[in-house]
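Features as listed in TrEMBL:
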type: BINDING; residues: 34, 37, 38, 77; note: heme c 1 binding site
type: BINDING; residues: 130, 133, 134, 177; note: heme c 2 binding site
type: DOMAIN; residues: 22-100; note: domain 'Cytochrome c'
type: DOMAIN; residues: 109-200; note: domain 'Cytochrome c'
type: SIGNAL; residues: 1-20; note: signal peptide
């Protein structure tokens, strides 16, 4: 499993493309509409909306680009990015990446199960350790557009895993997350999502 993940990391890294360099100062005024759901500094209060603060810049840019092009379907975001240029998106990504995420708390009853899955995976069902791509502290890998998970709302993380599981969300590189989520059960999704919410 580790060899497979290493191979995927190399493949994803090799296919990375040059992107516009973002300017956080230029991005800040462009985020006014974003703040309604994601908060002024990217720390959303509603658990169904993702925290963008501190998120890896390349990941943010990819997701916004995919939403704008239709490669990722987020109904609530429909049309919101259409008037923005590639440079605008890069600047917005840079702004949110420069903010500090506010980490939440994990459910004490789920910490052990969530920690075990995050760090060790489930060899019996072929679920790899989350930290293989997202790191032991959940910081992700900016060069490969792997997202930071640390502090993300448990409800949002669980919802995204279920979307990957069903194939409704399919904009992940090499279907890495679709293949992983498909092997996870409801209890695992709940536990690891809770653990991630308190991870730092």
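These residue numbers are counts, starting from 1, taken along the chain as shown.
Glycine residues also receive a Cβ, built from the backbone N, Cα and C atoms like all the rest.
Automatic, uncurated: that is what TrEMBL annotation is.
Feature map: annotations from TrEMBL on the structure.
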residue	record	Cβ contacts under 8 Å, 6 or more apart
34	heme c 1 binding site	42, 52, 92, 96
37	heme c 1 binding site	44, 46, 49, 76
38	heme c 1 binding site	31, 44, 49, 50, 51, 52, 96
77	heme c 1 binding site	67
130	heme c 2 binding site	117, 118, 119, 121, 138, 149, 192, 196
134	heme c 2 binding site	140, 141, 146, 147, 148, 149
177	heme c 2 binding site	161, 164, 169
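Following the DSSP three-state reduction, the secondary structure of residue 37 (heme c 1 binding site) is helix. Taking H, G and I as helix, E and B as strand and the rest as coil, DSSP gives the domain 'Cytochrome c' (109-200) the counts 52 helix, 4 strand, 36 coil. In the predicted structure, the domain 'Cytochrome c' (22-100) carries a mean pLDDT of 98.
Listed in chain order, the extra residues whose Cβ falls within 8 Å of the Cβ center of the heme c 1 site residues 34, 37, 38, 77 are 33, 35, 36, 44, 49, 52, 76, 80. Report note: the heme c 2 site is defined by 130, 133, 134, 177, and the residues of the same chain whose CB lies within 8 Å of the CB centroid of those residues, excluding them, are 131, 132, 140, 146, 149, 176, 180. Across the annotated binding residues for heme c 1 (34, 37, 38, 77), the two most widely spaced Cα atoms sit 12 Å apart.
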